[in-house]
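Asker: Provided herewith is a single structure, encoded as structure tokens, for subsequent inquiry.
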């Protein structure tokens, strides 16, 4: 079907199948649509709310057009959020990825520049001295040798440049805000995915099933796209094609409730200071606890099922300063 027919289908309020969505997003990523067509399409999908098939199709097109990453055959994970929760916190997922790697897990973190906060994953890593523009081969080498690598979205999904001016002009959430975590070019075995709105938990979970994720968690923590300690975290666990929904409280991690305010971050330089202190075992207790809770859930994907024990192990590990050594090694690639 031609793009125009697919667009017409959207304009008339009809949804697209996965294959139709893949075809349309292929056209977008390959620069075959005008800015006006892209804008109209994004708004049509926003007004009706994109369904699982449409999101899965957009993910498929993104991965088909992505720069290739030499995928390892050992199990590895991604921990990544949509961003856009408007909370301006420290970089929790980035810290958790480094901590988990220094404890023996393998993490290929997909990330980008800031969406709505002052400091996205690549912003803070750059401030920490990490080269976010390494080649896929160098990134793979880091994953092999130190257990963690960072895949900069703009480097792998260059076709998204066709959408950038439209997204900037629209100034509103679109389907592209929810694609990021789902389009890691390394195609991880496991995923811990944070979403900025509670209603996205179900959408994401169903999309993860459609994408045949082996084992994933989708989380929304009382306004955060992370596991929260200031309130409840809504969770969807996707395993072998089935979804289980539940909530987690700070008590489930053996931790006390703490304020969201205690996680406020700042510019990349400020967040880099917070992360350095944390990884050296000298950070704020609230930062350590939040990263421990998120890392604990990430480790569960690797078969470490006891969240409270995981938290204790992470907190002890942070005090050892070994996580900072992993960060220092990451800066050498």
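We count from 1, first residue shown onward.
In case you wondered, yes, glycine gets a Cβ from its N, Cα and C as well.
What Swiss-Prot records for 81, 112 is anthranilate 1 binding site, and it gives sequence analysis as the kind of evidence. The 5-phospho-alpha-D-ribose 1-diphosphate binding site feature in Swiss-Prot is assigned to 81, 84-85, 89, 91-94, 109-117, 121. Annotation comment: Swiss-Prot describes 93, 226 as Mg(2+) 1 binding site. Positions annotated as anthranilate 2 binding site by Swiss-Prot: 167. The Mg(2+) 2 binding site feature in Swiss-Prot is assigned to 225, 226; the stated evidence is sequence analysis.
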Asker: Within a 10 Å radius of its Cβ, which of these binding-site residues (93, 112) has the fewest neighbouring Cβ atoms?
Answerer: 112
Asker: Could you state the whole-number distance in Å separating the C-alpha atoms of residue 225 (Mg(2+) 2 binding site) and residue 81 (anthranilate 1 binding site)?
Answerer: 6
Asker: What whole-number Å value do you get for the CA-CA distance of residue 81 (anthranilate 1 binding site) and residue 226 (Mg(2+) 1 binding site)?
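Answerer: Each residue's Cα considered, residue 81 (anthranilate 1 binding site) and residue 226 (Mg(2+) 1 binding site) end up 7 Å apart.
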Asker: What is the number of other Cβ atoms found within 10 Å of the Cβ of residue 225 (Mg(2+) 2 binding site)?
Answerer: 28
Asker: Express the distance between the Cα positions of residue 89 (5-phospho-alpha-D-ribose 1-diphosphate binding site) and residue 226 (Mg(2+) 1 binding site) as a whole number of Å.
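Answerer: With distance taken Cα to Cα, residue 226 (Mg(2+) 1 binding site) is 10 Å from residue 89 (5-phospho-alpha-D-ribose 1-diphosphate binding site).
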Asker: Tell me, by DSSP, whether residue 167 (anthranilate 2 binding site) is helix, strand or coil?
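Answerer: Residue 167 (anthranilate 2 binding site) sits in a helix per DSSP.
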Asker: Measure from the Cβ of residue 89 (5-phospho-alpha-D-ribose 1-diphosphate binding site) and count the other Cβ atoms within 10 Å, all protein chains considered.
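Answerer: Its Cβ shell of radius 10 Å holds 21 other Cβ atoms.
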Asker: Could you check the binding-site residues 110, 113, 167 and say which one's CB has the most other CB atoms within 10 Å?
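Answerer: By the 10 Å Cβ neighbour count, 110 comes out on top.
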Asker: Could you state the CA-to-CA distance between the residue listed as 'anthranilate 2 binding site' and residue 113 (5-phospho-alpha-D-ribose 1-diphosphate binding site) to the nearest Å?
Answerer: 14
Asker: Can you tell me the CA-to-CA distance separating residue 110 (5-phospho-alpha-D-ribose 1-diphosphate binding site) and residue 226 (Mg(2+) 1 binding site), as a whole number of Å?
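Answerer: Residue 110 (5-phospho-alpha-D-ribose 1-diphosphate binding site) and residue 226 (Mg(2+) 1 binding site) have their Cα atoms 15 Å apart.
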Asker: Which of the listed binding-site residues (81, 226) has the least company, meaning the fewest other Cβ atoms within 10 Å of its Cβ?
Answerer: 81
Asker: Cα-Cα, whole number of Å: residue 93 (5-phospho-alpha-D-ribose 1-diphosphate binding site) versus residue 112 (anthranilate 1 binding site)?
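Answerer: With distance taken Cα to Cα, residue 112 (anthranilate 1 binding site) is 12 Å from residue 93 (5-phospho-alpha-D-ribose 1-diphosphate binding site).
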Asker: Rounded to a whole number, how many Å is the Cα of residue 112 (anthranilate 1 binding site) away from the Cα of residue 226 (Mg(2+) 1 binding site)?
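Answerer: Pair distance, Cα basis, whole Å: 16 Å.
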